[in-house]
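Everything below concerns the one structure shown next.
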Amino acid sequence: MPKRVDINKILVIGSGPIIIGQAAEFDYAGTQACLALKEEGYEVILVNSNPATIMTDTEMADRVYIEPLTPEFLTRIIRKERPDAILPTLGGQTGLNLAVELSERGVLAECGVEVLGTKLSAIQQAEDRDLFRTLMNELNEPVPESEIIHSLEEAEKFVSQIGFPVIVRPAYTLGGTGGGICSNETELKEIVENGLKLSPVHQCLLEKSIAGYKEIEYEVMRDSQDHAIVVCNMENIDPVGIHTGDSIVVAPSQTLSDREYQLLRNVSLKLIRALGIEGGCNVQLALDPDSFQYYIIEVNPRVSRSSALASKATGYPIAKLAAKIAVGLSLDEMMNPVTGKTYAAFEPALDYVVSKIPRWPFDKFESANRKLGTQMKATGEVMAIGRTLEESLLKAVRSLEADVYHLELKDAADISDELLEKRIKKAGDERLFYLAEAYRRGYTVEDLHEFSAIDVFFLHKLFGIVQFEKELKANAGDTDVLRRAKELGFSDQYISREWKMKESELYSLRKQAGIAPVFKMVDTCAAEFESETPYFYSTYEEENESVVTDKKSVMVLGSGPIRIGQGVEFDYATVHSVWAIKQAGYEAIIVNNNPETVSTDFSISDKLYFEPLTIEDVMHIIDLEQPMGVVVQFGGQTAINLADELSARGVKILGTSLEDLDRAEDRDKFEQALGELGVPQPLGKTATSVNQAVSIASDIGYPVLVRPSYVLGGRAMEIVYHEEELLHYMKNAVKINPQHPVLIDRYLTGKEIEVDAVSDGETVVIPGIMEHIERAGVHSGDSIAVYPPQSLTEDIKKKIEQYTIALAKGLNIVGLLNIQFVLSQGEVYVLEVNPRSSRTVPFLSKITGIPMANLATKIILGQKLAAFGYTEGLQPEQQGVFVKAPVFSFAKLRRVDITLGPEMKSTGEVMGKDSTLEKALYKALIASGIQIPNYGSVLLTVADKDKEEGLAIAKRFHAIGYNILATEGTAGYLKEASIPAKVVGKIGQDGPNLLDVIRNGEAQFVINTLTKGKQPARDGFRIRRESVENGVACLTSLDTAEAILRVLESMTFRADQMPAVNTNQEAAVTI
């Protein structure tokens, strides 16, 4: 059926900020969809609150609204734009939930807006647990025995009939939020209450647990003509019971017989037809390992994390084709862009194995509960491609950048057998490594199958890897053994360690023996047809399929998996850099391993290599391609950390030189440079031993800021208030030695200011200055940032401009530069300089219209800023106020303290823009998920050091009509200042205490600041966690509270500004 001509204007809903369960895969899907619709000639209107994405770039749609994703804001945009249709299936759960709500409120009908792609009734049938179960029963398709419940009593009644264990699945939530497996009454109470709270329709499905079954997924496409195909089928190595986003997944499935494969394939196609889904859809099934009994777990009627993985695993662009299906095109009318010869109706075929391993944030959150279940905890994922499962899996392991390069964990050998068994039985994020350790201790495949319920096929493969380790150790220097090790996916780093030689020596040995990988093409058709895509992976075979052209090429290193501290902002910069390289007339080559992102879409670069970002894997590509240089500025710390090794092997690093990168990152050299340039910095020194650290800290004076050198996202950074805490930090957070020194700085309290700049060595362009709302000490990625600055004098701005220019020139920066300053007692100090792209680059680029990553790339390639018409210094400020606010995923991570500090904790960001600071703040806070009711109660629990400031805040809350709740001591202190406060019991006291108030929804805001030092924080920790579990905004910085107050004050009439009219009777005029 040809595309529709009765519609012209289409509104696309984005997925908003990156949170656990909804990451960069929707930026990729949304970007593909917008471009596909524009390609077909439609006018595209995009709404998304996330400034860090490619999707919100002006080139992606005809009009882009970076506004909060709430029904209220969308209603205004729909009334203003009057689109003919809306496409909600590319914005994740957020997009679906909004479409359903806009329909229920009657907005779509009022404005005559049609829903494209999958119909709302189908979305509701797939998402509403009750409707879905009813449909499955009508189709005679098996679902686990289950019950829809709306209260704890209903849950207890159901369990008394079928017994434990049961799985709880809340309706309309994302990434399994609020769900879990319950094995007893206590767990049932906790999980059901939480699940009902988090479900927007207060409904949960309780089902008999089928944990231990194989979990199989089918990614299916269907068009309006009822053509339906399977794009990819995938198998979770972890059995049912662990969220698929937290499972290690392989494609194609490895353990299904043809009969099983066809059985589940037919079921998946039957379901997509029964639901009437038009576009992409993900079907999750459970299969009994010992029979043909299967159950349907769920259907996602939208583009999902799995479809991004399936797209990258097969090369088949699901989101692009789903968008075209939505406007009426059918699969047999569209060409498959990979081959350019076959139609999209051909099912892809794979002649390789793909492995996906999730990337969890537990390196950031040491205290988090690492146990995996039905609620997702990973922030991102990596994918690797190999000819065998072993090769693909080992490549994925070293892509994780989790300090592992083989199936080995540093301290796994030290734990007892008992603990090892426990960690295999109760799945955690490191189970794969513990399985390998168990084999080294003599456990058998049967033992481990019994402990983990993982299929014996996968366990045999792992056993084979561990067995080969012995052969490798026994045959040092044997090139036949070396070749087999490389075919299995063993890394040079591991082999060189076992053979007691340098990695570079092993590399030379391999070269002499002719043991080098070849590159194979991902072509969707197992080499049956010729293919046009330049999408490659390495493997140790004979024939190389990657043809090197005569054109000069430039290689860009991507940023790997999404994790806290290194998010989608770096992918944004990578993509812009690739576009700039192509514009400059060079061939752009990208190396990356993240299946969720735009940068790994094969249509972005001239050549895409899907490989681990390690020195070995990158060098293989360089050996073949011989690029004129490598760009490391845009891939975050991942790429910067490779610069040294690459340079040592004779590779040219483009942009800022290695010596100058080192001057910015190495503490002593940096201090020296600042001294020469006359730029002040806080008093600080470098310690290489614990004793030295203690004496430095006492010389400088507490509190001090301590951090390891060369890190991103403030990893292991802390503010320390006395010696005892310093010793605890030294012992637990860092491994201090002369190679890994620790930096100790005087902790300055003051306003933090951030600047991004582009320099070509002669001219320095500063697009803008951003002022942070939270004072120094809160990581810049977790602060609310405002542009243009609202409280800085012209003198201070001038000084920041001078220092930035001096630093850029003094450090010989070529390309991008990010500087953080602190304004303390009228003086500007430099906190740190990052000679690379930063997480504020997309935000500033969008506001100022200065395409920073694109410009920086052209500078790196030898052009000058003056040629583009830029003059030196701070550029004129834009009209309006722009606010960037962080977004956290604390609800998904139990036992994590939400207090803001120098270590980054946010997973994403949103932007609010308007004519005044208050309005822009309001939009940013609403977009980040904070409710701002203009009446209610605020619960105040502040540390003694914050009492005075807390008092001022309480006064202002009281003035706008808020009730103040506080514990006895604080309430007394407030009463002395004539502020009425209701007394609430401390934790553990009888009567309504702090936790009861939060649980019962009696407080709209909780303001809680840490007591000095970390230890007495346990009560504070419980208050903060209780707030998160109950969805109450908890503010751990008084600056954030002040910002919310500004918004509330601008929205409400203050009581003291509404005096009653004087009714003095005597003066009344008598008639």
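Including glycine, each Cβ sits where the backbone N, Cα and C put it.
Swiss-Prot names Arg707, Arg746, Leu748, Glu752, Gly777, Val778, His779, Ser780, Gln820 for binding ATP 2. Of Glu762, Glu794, Glu832, the residue it gives for the same site is Glu832. Among the candidates Arg105, Arg129, Arg133, Arg359, the residue that Swiss-Prot annotates alongside Arg169, Gly175, Gly176, Lys208, Ile210, Glu215, Gly241, Ile242, His243, Gln284, Glu298 as binding ATP 1 is Arg129.
Per Cα geometry, His779 is the residue among the binding-site residues Arg707, Leu748, Gly777, His779, Gln820 nearest to Gln284 (Mn(2+) 1 binding site). The separation of Glu298 (Mn(2+) 1 binding site) from Leu748 (ATP 2 binding site), Cα to Cα, is 52 Å. According to its DSSP assignment, Gln284 (Mn(2+) 1 binding site) is in a strand. For His779 (ATP 2 binding site) paired with Glu298 (Mn(2+) 1 binding site), the C-alpha to C-alpha distance reads 39 Å. Sequence-distant contacts (6 or more apart, same chain, Cβ under 8 Å) of Gly777 (ATP 2 binding site) comprise Leu705, Ile719, Tyr747, Thr749, Gly901, Pro902.
For the region 'Allosteric domain' (930-1071), residue counts in helix, strand and coil come to 66 helix, 20 strand, 56 coil, using DSSP. Across the region 'Oligomerization domain' (402-546), the DSSP tally of helix, strand and coil residues reads 76 helix, 11 strand, 58 coil. For Gln820 (ATP 2 binding site), the same-chain residues lying six or more positions away in sequence with a CB closer than 8 A to its CB are Glu752, Ile753, Glu754, Val755, Ser780, Val830, Leu831, Glu832. Note on the domain 'ATP-grasp 2' (671-861): mean pLDDT across this stretch is 91. The record assigns Arg707, Arg746, Leu748, Glu752, Gly777, Val778, His779, Ser780, Gln820, Glu832 to the ATP 2 site; their largest pairwise CA distance measures 18 Å. Cβ neighbours of Glu298 (Mn(2+) 1 binding site) (same chain, under 8 Å, six or more residues apart in sequence): Ala126, Phe132, Arg169, Gln284. DSSP assigns Arg707 (ATP 2 binding site) to a strand.
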